[in-house]
Amino acid sequence: MSSLLNLGTRTLLANQMALQTTGHNIANASTVGYSRQSAVMQQVEGQYTGGGYVGKGVQVLTVERAHNEFVTRQAALARSVQAMDATRADRLAALEDILQGGTSGLGASVNDLVNAFSDIASTPTDVTARNVVLARAQEMSARFRNAQAQIDDLQHGVNGQLDDAVTQINSLAARIAELNGQVQRAQGGGQQPNDLLDQRDELVRQLNGQVQASTVAGDDGSLNIFVGSQALVLGSSVAQVALQGAADGTRALTITRGAVTQELDESSLGGGAVAGLLRFQNGDLAAARDGLGRMALAITSAINTQHRLGVDLNGQPGSDFFTPIAIPDALPAPWNTGTATVSAEVADPTALVASSYQVVFGSSGSIAVQRLSDGKTTTFTGPMPIEIDGLRLDLSGGSAAAGSSFTLRPYARAADGTATALSSPREIAAASPVEARASSSNRGTVAVAGVSASQAHASLGATVTLTFTSAGTFDVAGSGTGDPSGIAYTAGQPISFNGWTLTLSGNPQAGDTITVQAASASYSQLNAGNASALLGLRDVAMFDGATLADGYASLMAEMGVRSQSAQYAASISGSIATSLESERANISGVNLDEEAARLLQYQQAYQASAKMIQIAQSIFDSLLQGMP
């Protein structure tokens, strides 16, 4: 009789646990990270009798969770890649909004300024045309500064996101380490603490949203977490994550365990919002900032150089049109000795490359300059000054010891310093300092199409005579020219000597002459040779082959390509992450219809078990009543 009662009791308890497990599933159907649980039943070993083995019922062996370690890990890693791509794509979209085109864009203001010189070239004494040029210059300067300010705001936002992400990483790591301790203690009873394991897996999933983490399970039930091959969580011990800045403006993630700090290479992070933010900040944003700064420095330097070669309405030599943008000195490495500094200035505005540089001094006096944008290194035998990529580098404050290193960021803040230097329209040096005249006794149709100064030269104002020896050749005589002879003539082809450039039209005859000399006072009031030269800057190849007029479009195109590439990557990684998460949910998720069916099944089994106990009790009572 006791066997029947025990059997009913076992069955009742087993179905009660199954009902409780099913109810737990229903209660957590909407809990993020919860894995469906099920009671695993096992029959109790039968009892031998003369009539054979008689069953003794059922017992719950364990409560297990529906979980696939491989799928869960792959879903978490896919989430980290998706978070990285989506974060970078989002920031690049914001950067594209800053570098906008159209009539309100920076590119339009650059073209408006250069094209405005055409009105001065047509009417050099028109003050209204000169005021328009000044207004266009001020507008361009304001747009450069505004673009720099918006990039700074974007940088500030990224820094805030990175700081928040690091705080989250440290918080999640601490909670995972705490759960490791709880799991270790709970597993001492021989059973898996399913809810604790789900909570830990969810924390790992959230951690991968910030930074890609690999996991290694310990024999004691703990889960060890590694980021970029460095241990973040080992059992109940946790390291600290932080951000570290470098002299070149980049930032990197570091892990500190005890007294040892390891810097994580950006490429080793693999995924997570932090990887996306660092890739954007160190790569995309730096490229945009350098590209914008290079434009500002190249345009203002080129216009200043040409403007200084002209003559203003007051008869004075031209001055700087824009306030010269000072390039900050290179930052010395912490290990440098001495007080030597490396400075830079623009040597050729058409050869500038949007990049930062690392300057390292060798033991034999050599100087290695690495362009950080592509890693190209150029070695000079020394000494300074040296020229590279349109920049002239020089050393001051003493000599640099072997091993000394400097980081030069010539364009990082250049756009912020763009401003006009002129205050009066009469100060615009539109006139050429030289004039060219065809002799009145010439018999051919050769005429002066234009003349302007193209560079500073000691003999710029010296009188130079071109004498045609035939319709297709001429001789040159004058100080500084070297008096060459037999030079081929082609109408419209520039002729350059002593820092000026002359263009002729028509057909000469032998004996015809053209004289180039310092401009007279009356000529300076009427000619606009320098305004024409300033207008001609728009067609000069200045930005990696792109002209000054097309330079901004080139920068926009580069950022556009980066943005489109990032959007495509985010779309692909998002699809993969969604697919893997759906697969994980299909394995671990709770289906309320299925749970409702199981609830009815276990309810009926529970009721039948109770009936079994009731019958056993009734039989037992009958036996007691039948006893004397």
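Cβ atoms are placed via backbone N, Cα and C, with glycine included.
Fair warning: this is a prediction, and the values are worked out from it, not measured in the lab.
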Of 45-90, 137-182, 275-320, 459-504, the range TrEMBL labels coiled coil: 137-182
Arithmetic mean of per-residue pLDDT over the domain 'Flagellar hook-associated protein 1 D2-like' (336-410): 92
Residues from the same chain, set at least six apart from the ends of the domain 'Flagellar basal-body/hook protein C-terminal' (586-625), whose C-beta lies under 8 A from its own: 1, 4-5, 7-9, 11-12, 14-16, 18-19, 22-23, 25-26, 28-29, 34-36, 65-68, 71-72
